[in-house]
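To start, the structure itself, in structure tokens.
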Amino acid sequence: MPTKRTTPDFILMIVTFTLLAVGLIMVYSASAIWAEYKFEDSFFFAKRQTLFAGVGILAMFFIMNINYWTWRTWSKTILIVCFVLLILVLIPGIGNVRNGSRSWIGVGAFSIQPSEFMKLAMIAFLAKYLSERQKLITSFKKGLVPSLGLAFVAFAMIMLQPDLGTGTVMMGTCVVMIFIAGARISHFAFLGLMGVAGFVGLIASAPYRIKRITSFLD
């Protein structure tokens with residue numbers, strides 16, 4: 001088991017901080033007018049997002065110092081905990097409703113969003129799962145279906161909140177991981193058609209999602 005710590009990937013760090021900077025600029029661009037009207041401070045949401053970004057950077061450097069074999073060892077336990085949290089968030093009185101979605105657990109100012117933790121837990125577990133079943137990944141029944149099936153269960157639970165954005169990011173990440181692991185394109189083509197049809201149906205089922213798309217296209 002490797003224990004020697006290596007230096008961070010320079011290119012990856014540049015890409016990460018570039019995306020972070022672009023995201024902060026987009027937050028300011030999208031919220032400046034409303035923030036000025038609501039709080040008399042056009043930078044209100046940008047400042048808050050910058051604070052969150054700072055916390056995220058500190059968390060990133062902390063996690064970087066943890067041996068990745070630790071995540072591999074605990075990935076199954078962490079995934080189970082996240083599934084339990086996804087169940088709890090759906091229970092009235094435990095899960096908090098914000099902006100029409102029951103996505104949060106917490107009291108007062110302290111709260112967590114289980115679906116965000118599920119994204120990370122699923123990535124860690126799926127990485128371990130795929131590495132242990134490299135010879136089976138080309139099999140539709142023994143490789144692709146079990147891998148995608150687990151991710152789909154988490155996606156379905158997230159959609160009960162509902163949170164299409166988080167669910168789509170998680171599912172898309174899992175698909176890319178499975179593809180890179182060696183799954184056959186022909187298998188993806190079959191499931192891809194079903195996935196696209198289902199995704200369109202989810203968008204069409206909620207008027208506010210259609211409005212977001214039309215607003216983006218305009």
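Using N, Cα and C of the backbone, Cβ positions are placed for all residues, glycine too.
Listed in TrEMBL:
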TRANSMEM  12-31  transmembrane segment
TRANSMEM  51-71  transmembrane segment
TRANSMEM  78-97  transmembrane segment
TRANSMEM  103-127  transmembrane segment
TRANSMEM  139-158  transmembrane segment
TRANSMEM  164-181  transmembrane segment
TRANSMEM  188-208  transmembrane segment
Problem set entry | Stretch in 12-31, 51-71, 103-127 most in contact with the transmembrane segment (78-97), if contact is a CB pair under 8 A | 103-127
Problem set entry | Intrachain residues whose Cβ lies under 8 Å of the transmembrane segment (12-31), provided they are six or more past its termini | 42-46, 49-50, 53, 57, 60
